[in-house]
Amino acid sequence: MQANGAGGGQQQQQPPPQGPELGCLGAQNGEASAGTAAGEQLAHANGLLPSANSGGPGGGGSPGGLGVNNGVPAAGGPGPAAAELGGGGGGGSALKKKKRLSQSDEDVIRLIGQHLHGLGLNQTVDLLMQESGCRLEHPSATKFRNHVMEGEWDKAENDLNELKALVHSPHAIVRMKFLLLQQKYLEYLEDGKVLEALQVLRCELTPLKYNTERIHVLSGYLMCSHAEDLRAKAEWEGKGTASRSKLLDKLQTYLPPSVMLPPRRLQNLLRQAVELQRDRCLYHNTKLDSNLDSVSLLIDHVCSRKQFPCYTQQILTEHCNEVWFCKFSNDGTKLATGSKDTTVIIWQVDPDTHQLKLLKTLEGHAYGVSYIAWSPDDNYLVACGPDDCSELWLWNVQTGELRTKMSQSHEDSLTSVAWNPDGKRFVTGGQRGQFYQCDLDGNLLDSWEGVRVQCLWCLSDGKTVLASDTHQRIRGYNFEDLTDRNIVQEDHPIMSFTISKNGRLALLNVATQGVHLWDLQDRVLVRKYQGVTQGFYTIHSCFGGHNEDFIASGSEDHKVYIWHKRSELPIAELTGHTRTVNCVSWNPQIPAMMASASDDGTVRIWGPAPFVDNQDIEGPHGCGFKGNLGKVIKEKSIKCW
């Protein structure tokens, strides 16, 4: 009898079924037999057409011939000729001379076979292995797998003796046996067979002299009153297919892949390929589901630049002088902008249209507003002025009321501020040698003298404050034990800096040098980003996008520059401002929204292209790209690489 439309060796000696029955058998799994008219119709319906010129003495398409469809032979007549994959014709002779498969070909066949086996297409797997001459896994491994899944622990232990010669590490067998006996022990306990479980613990697990700490834990499970208690304490799924499959996954890690493939190997390779393509995609700015069902494996993953915040969505013109600073709230629902016109404007972000509208105007900052910091809960806003400003304003965002106006001394220069993660304290300072920690009412809690502060940041530990000073460095100051240490040393003045969410990376705007990325843990300079024009103006850059994969900075050449964190060359130059761009802020909750503030008196909101051509988006997750990423593209207010 034929299985899946291919010759089956010795069984071909018997006359095959006739008529439509043969065609149905041949059409299983999309492989058609060309023996009858019904078989030919099925072959055509499945997209596998029998060759008109192939076959034996009967000529093209006759029952005595053999059609080869996509490498799968379909036998139409009885006899040994079909079993030999050749009949009496010349096509069969060619098929006899099978090309020896390369190692990579064999690996691919095994991976496909494993995947098909997982889908339950076992007949297809058998046919694939038979035709290719490959073996999915070692026979001893197959036997071992079956015994584990059936819970036949004694037989599985015996199988380990056969596998011993195939395992590279001498300790691997002991570890595998321990895992087997652990499962056996837990299943006995769940079934209420306490004496049998105790026997396994004392006479089988303990003599292994392996992982005694785990054995002590296992012995404690004897006190579990019921099965649910056991499963909860052991963090175990219970007796059955789920726990045994997990056990098998662990056991497979000790076996060479030539003996037994690692679990779900093909899916893992495909997932790695998708993740690698995503990581290499210059414009990828959305969360990608790790489930392979959410992406297409038929096309490469490349995002279109039209989905990236490179296009002016809105221009805010309510300020009547230079705009020195802008910052989105932590929840992404508001934007605060500070200007030389002495005001702070709070804007509301529409969650649907992503348009901004004026919410509140906070007035009275006599020196202008050059720095703004949102409290961790976004309830408060602190505003600072330029170098000659000795005052600081603490606003209640909800009511628009001024809670605190703080000034320690008329000789102070309070130009920078940073919130403690607890939201109850903040630090502030300037370039005249003072550095304070205060509460929400402006009361002085601590001070650090002799530090000329350019920029401040509080780390997530709630103890350490980072401060850039006039000695071209960033130092860490601990107010609890009153210690300080050097972290970053540059050769030129640090005009501003910001820290990534995980506290690992620092982004510096360095006078005459541009934007530098530092690793704070290793204390090394990671990357120098090119393109930006940075003199001695204070320009504030930012991390942004999904997973903070991108970096943006203003520039004295009136542009906004965007880099992928791993690339020194900019991936976009945004034009539209007519004077120095002082600050950029990326919305922390909307990866496709960014704001920039300029001396031209405007704030620009950047987002994706208003209308996205279908030709630029492919795939179920809106990815695709037409054109060469290495080619310079100029379009309206953007230049991309």
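Here the Cβ of each residue, glycine as well, is placed from N, Cα and C on the backbone.
If you look up TrEMBL, you'll see 1-10 (among others) marked as compositional bias 'Gly residues'.
Residues or ranges marked as compositional bias 'Gly residues' by TrEMBL: 55-93 (among others).
The annotation domain 'CTLH' is assigned in TrEMBL to 137-196. Across the domain 'CTLH' (137-196), mean pLDDT in this model comes to 92.
Residues or ranges marked as region 'Disordered' in TrEMBL: 1-99.
For the repeat 'WD' (316-350), the DSSP-based tally of helix, strand and coil residues reads 0 helix, 19 strand, 16 coil. Summarising the annotation, TrEMBL assigns repeat 'WD' to 316-350 (among others).
According to TrEMBL, the repeat 'WD' annotation covers 362-393 (among others). According to DSSP, the secondary structure content of the repeat 'WD' (362-393) in residues is 0 helix, 12 strand, 20 coil.
Annotation comment: TrEMBL describes 574-606 (among others) as repeat 'WD'.
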Intrachain residues whose Cβ lies under 8 Å of the repeat 'WD' (362-393), provided they are six or more past its termini
321, 324-327, 329-331, 333-334, 336-346, 400, 402-419, 421-423, 426, 428, 430-431, 440, 442, 538
Report, as numbers and ranges, which residues of the same chain sit near the repeat 'WD' (316-350): CB under 8 Å and 6 or more residues beyond its ends.
356-374, 376-378, 381, 383, 386, 395, 397, 540, 579, 582-590, 593, 595-605
What residues elsewhere in the chain lie close to the repeat 'WD' (574-606), defined as a C-beta under 8 angstroms and at least 6 residues from its ends?
285-286, 307-317, 319-328, 330-333, 335, 337, 339, 349, 354, 356, 537-546, 550, 552-556, 558-562, 637-639
As a quick check of your reading of DSSP, tell me how many residues in the domain 'CTLH' (137-196) are helical, how many are strand and how many are coil.
48 helix, 0 strand, 12 coil
